[in-house]
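Undergrad: Attaching a single structure in structure tokens format; questions to follow.
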Amino acid sequence: ATVNLRALTSWVGIARLFAVVLACLAFSLVASTGDFGGPYGTWCMFTWCFCFIVTLLVLLLELLELYPMLPLSWDDFTSAFSMLAALMVFTSSVVFPSTFISSPCNNNKCARQAVATTASCLCFLAYAVEVSLTRAKPGDISSFLSTVPGLLKVFEAYVACLIFSLLDGYNGEPGLMWCVAVYSICFIFTLLIIIFTIGRCLTYIPCPLEKMLVGYNFLALLMYLTATVVWPLYSFRGQSRPNNCGPNCLWNKRLGVTFLTIFNLIAYLVDLVYSTRMVFV
């Protein structure tokens with residue numbers, strides 16, 4: 001193996017180094033407090049550890065120039081991962097302080113949690129800079145997942161995962177079950193597009209990829225449009241917010257699903273516009 005120091009000295013390499021250090025700092029400080037139990041704390045620790053390990057692996061593979069030996073599209077993989085890592089770390093940067101940091105913050109444990117939150121926010125900025133640096137320039141479609149439609153595919157899949165984590169109490173309601181079907185179908189197809197792109201399997205698709213993406217985005221947009229209307233209609237029909245509605249309150253969960261559905265609707269709309277421009281303009 002040869003050593004490519006540019007993997008560490010380029011702007012992208014520097015952003016990755018910052019992300020590695022900051023992710024390590026975040027999970028180390030939280031681990032030192034011993035207070036990261038429950039689903040939210042476990043998610044935050046998993047996010048920081050996962051991003052630290054994968055980013056460090058990416059740096060090592062590029063430093064030793066071993067990545068060409070892997071049976072995947074490296075540019076697509078790194079673009080998709082940096083976008084996913086930015087979304088995951090951003091979520092953790094919001095969830096962790098809102099769950100574990102109490103006011104007033106006047107002890108050593110709280111100070112370490114606050115520093116960990118700051119490191120997580122800076123880590124998100126490092127991944128956001130990497131996404132910006134590796135994003136394909138206009139007209140360059142050699143790496144699909146580095147284009148705006150490709151990055152939106154990662155965003156759409158991630159938001160769908162957040163929706164799944166909040167779904168509860170939808171059995172027996174045909175309208176809500178239709179919405180769950182919409183989330184599941186769109187998530188599966190979006191995930192397959194990402195996997196096929198990274199695995200260099202798009203050549204096996206018997207129709208032009210660009211036109212297929214336009215058709216899929218149009219159908220997904222229509223399906224999410226129905227879910228945007230049907231989900232709140234069935235979820236809040238004849239119901240008001242309970243007085244004692246905590247983090248696990250069903251009403252709050254359904255409100256979160258409503259907003260995430262709107263976010264994905266907007267994402268599919270922007271995706272459709274960019275995909276149409278790539279094909280017809």
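Numbers here mean position along the shown chain, with the first residue as 1.
A Cβ is built for glycine as well, from the same backbone N, Cα and C atoms used for every other residue.
Automatic, uncurated: that is what TrEMBL annotation is.
These came from TrEMBL, pasted as-is:
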- 7-139: domain 'MARVEL' (DOMAIN)
- 144-280: domain 'MARVEL' (DOMAIN)
- 12-31: transmembrane segment (TRANSMEM)
- 43-61: transmembrane segment (TRANSMEM)
- 81-101: transmembrane segment (TRANSMEM)
- 113-129: transmembrane segment (TRANSMEM)
- 141-164: transmembrane segment (TRANSMEM)
- 176-198: transmembrane segment (TRANSMEM)
- 213-234: transmembrane segment (TRANSMEM)
- 255-274: transmembrane segment (TRANSMEM)
Undergrad: Count up the helix, strand and coil residues in the domain 'MARVEL' (144-280) according to DSSP, in that order.
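TA: For the domain 'MARVEL' (144-280), the helix, strand and coil counts are 108 helix, 0 strand, 29 coil.
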Undergrad: Using Cβ atoms and a strict cutoff of less than 8 Å, what residues sit near the transmembrane segment (176-198) while being 6 or more residues removed from its termini?
TA: 72-73, 76-77, 80, 144-145, 150, 153-154, 156-157, 160-161, 163-164, 167, 170, 205, 213, 216, 220, 223-224, 226-227, 230-231, 234-235, 261, 264, 268
Undergrad: Within the domain 'MARVEL' (7-139), count helix residues (DSSP H, G, I), strand residues (E, B) and coil residues, in that order.
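TA: The breakdown for the domain 'MARVEL' (7-139) reads 109 helix, 0 strand, 24 coil.
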